[in-house]
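Feature list (source: TrEMBL):
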DOMAIN    A:12-74  domain 'RNA polymerase sigma-70 region 2'
DOMAIN    A:100-152  domain 'RNA polymerase sigma factor 70 region 4 type 2'
């Protein structure tokens, strides 16, 4: 039903914003990404089968749009971290500093791990929903969240040396071809 | 700040640590005392293995503090307009 499609899209926008924020680490870029993804989805509306998982379909469109834009721009430099002024944080100075460090650490995570972590923690999605939204196996979704949490713990509590990016890439090479695409 | 970490001694102490317990958990290690590596077809490890439960609670709270307000910001009018214009176009 055409009305349901547009209503579902509007209802999903906040979650799309969280996903875009996880991928881009930049508020302005996140807004642009959501808008581009919405435009793509509206144009491809006829390819969506009513009654199927709209959220997964829409999340994948946004993700693919991000990958496409990233490859075009060939970005290799870090995007600015979210400034502390962007957050409505109250409390002691040390608490703000710790939160700032958490934000910086989150931004250092591989994109796929950060995306999965945000979806589970901030959006309350199940691993099955994360897997459907990101086009990976449920086990992969779980591993991404697990690795993100463990890496953040290592960085913030100084327990272990941070995992090398090569570790993620090495794991990526061993994944089936269909899942390798997701490890951007 | 703790050397090599970010959290202060007090904060880290408040979080506590179950990691030491995990490290001694025989299930967490394979033969020869080495930590088992998950198989390549991504059979996920136990969700709490190597992740301190108290840290996890702190992490969730921290992420919500950082991002909930941003996520709750109103959707830009331009975006809503884009969707409504498409809806109206398809109705006519």
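Glycine too: its Cβ is placed from the backbone N, Cα and C atoms.
Here the domain 'RNA polymerase sigma-70 region 2' (A:12-74) has, by DSSP, the following mix of helix, strand and coil residues: 53 helix, 0 strand, 10 coil. The DSSP breakdown of the domain 'RNA polymerase sigma factor 70 region 4 type 2' (A:100-152), given as helix, strand and coil counts, is 43 helix, 0 strand, 10 coil.
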